[in-house]
Amino acid sequence: MKFFLLLSLIGFCWAQYDPHTQYGRTAIVHLFEWRWVDIAKECERYLAPNGFAGVQVSPPNENIVVHSPSRPWWERYQPISYKICSRSGNEDEFRDMVNRCNNVGVRIYVDAVINHMCGVGAQAGQSSTCGSYFNPNNRDFPGVPYSGFDFNDGKCRTASGGIENYQDAAQVRDCRLSGLLDLALEKDYVRTKVADYMNHLIDIGVAGFRLDASKHMWPGDIKAILDKLHNLNTKWFSQGSRPFIFQEVIDLGGEAVSSNEYFGNGRVTEFKYGAKLGKVMRKWDGEKMSYLKNWGEGWGLMPSDRALVFVDNHDNQRGHGAGGASILTFWDARLYKMAVGFMLAHPYGFTRVMSSYYWPRNFQNGKDVNDWVGPPNNNGKTKEVSINPDSTCGNDWICEHRWRQIRNMVAFRNVVNGQPFANWWDNDSNQVAFGRGNKGFIVFNNDDWALSETLQTGLPAGTYCDVISGDKVDGNCTGIKVYVGNDGKAHFSISNSAEDPFIAIHAESKI
């Protein structure tokens, strides 16, 4: 009995790091600003058949409606209440999405905005997605309800009430982030209200949460809230399962708050990942792909089993958040596909793929003055995600997760899951290759000259279909074929002018 108790205790301690994905699924996608009805359809028609593990959804709670500028994406990060009522849909639509996605083995992870409410300067009234009244001036949010007792006004020690110095951890946690009213998360009443909201979502069937602005909350306050959370719904999850937690902590080094303070609560977003990988792919600061041999902890990244990794996210793809100009996005499609391919092939971290929408970028003095633009819409009503005959998306939805190269690398990651990093090769420059045990092999050419090499793949002999240039269809290959000999070696030729200068083969792409 003692042994059993110890085991269950260990299981409980580790549970918040487990994404509870269906067996063999390893990557989630952020369907940024998608409507619940579209996500439900996407789970059934695309994500499940292609082996995606789950979806990070935009904040589902009621938020402020901002008219100047007109309906920006960031209004969803200014809560008014915890009613499930946003431009992505109402509670019935949310429930239907969670049901339908779970039923095909695709998990839902909610972006939970629990550090703050709306901005201090917002006008009192009912300009909210569900019409709830609020008055920021006197801290009145009857939709929760919160009042003046529930905010950190008295605790913050700066004259402005806002964060003025990121070298002061207390300011970062107790003062207002960008003028947003900071909740007093050390108060049990506030913790209970936040936990009630999250428990409502857990009972509906979500698998976990991205905790927005975790850097701006004390790790102990987060833990106190997590301790109040229900186990996951046993309709889809095994008894005693705890919600998967990944905390948004922007830590590029050199500040008072560090990611490792949060490891006890769950995984943490590793913002260094995309910033550093972007520099390598762009060949900035003398970086080159050959240096990626010890990618991961060897590059000063957090422990792999604590990291949630991504090439870009909804913030830094438009210059917000962290990472700066090195971040690769769909605007840099060729390098972006290579970077996402590298991420999905490499064993480090738990991976998230971005799915974006188009906006009219307009750089003035180095800043995109349209970085606020919200999702494709008709008079503020979010447009449906239409699907074109070639399986790309219409209505200005980018849908990177539907790009063949990215979709097929999600499958690659599933196939090689658990296999060791192996058979590294590089040319001391920007041509590199590596394998995952005897299940997969990938080759990159990011140099300005052709690659022509015979490499040890570690794979069994046979003919393989390159899943970057094509697909395995009815036992044949629509792309490049790779011939692996009895010695495990194969010859690779990649032109530096190829549309996608990388090749990937795996056990299930064998013809």
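From the backbone N, Cα and C atoms, a Cβ is placed for every residue, glycine too.
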Per Swiss-Prot, which of ASN313, ASN316, ASN388 sits in the chloride site along with ARG210, ARG352?
ASN313
According to Swiss-Prot, CYS43 takes part in a disulfide bond; indicate which of CYS85, CYS101, CYS118 is its partner.
CYS101
Under Swiss-Prot's annotation, the disulfide partner of CYS130 is which of CYS85, CYS156, CYS175?
CYS85
Which residue does Swiss-Prot record as pyrrolidone carboxylic acid, given the choices GLN16, GLN167, GLN171?
GLN16
If I go by Swiss-Prot, which of ARG107, ARG173 binds Ca(2+) at the same site as ASN115, ASP182, HIS216?
ARG173
For the disulfide involving CYS465, grab the partner from CYS399, CYS477 as Swiss-Prot records it.
CYS477
Shell of the chloride site beyond ARG210, ASN313, ARG352, same chain only (C-beta within 8 angstroms of their C-beta centre)
HIS30, GLN56, PHE246, GLU248, THR269, LEU308, PHE310, HIS314, MET354
Specify the nearest of the recorded positions ARG173, ARG210, ASP212 to CYS465 (disulfide bond), where nearness means the distance between Cα atoms.
ARG210
Quick one: pull the CA-CA distance for GLN16 (pyrrolidone carboxylic acid) versus ARG210 (chloride binding site), whole Å only.
12
Between CYS43 (disulfide bond) and ASN313 (chloride binding site), how many Å separate their Cα atoms?
20
By CA distance, which of the recorded positions (CYS156, ASP212, ASN313, CYS477) lies nearest to CYS85 (disulfide bond)?
ASP212
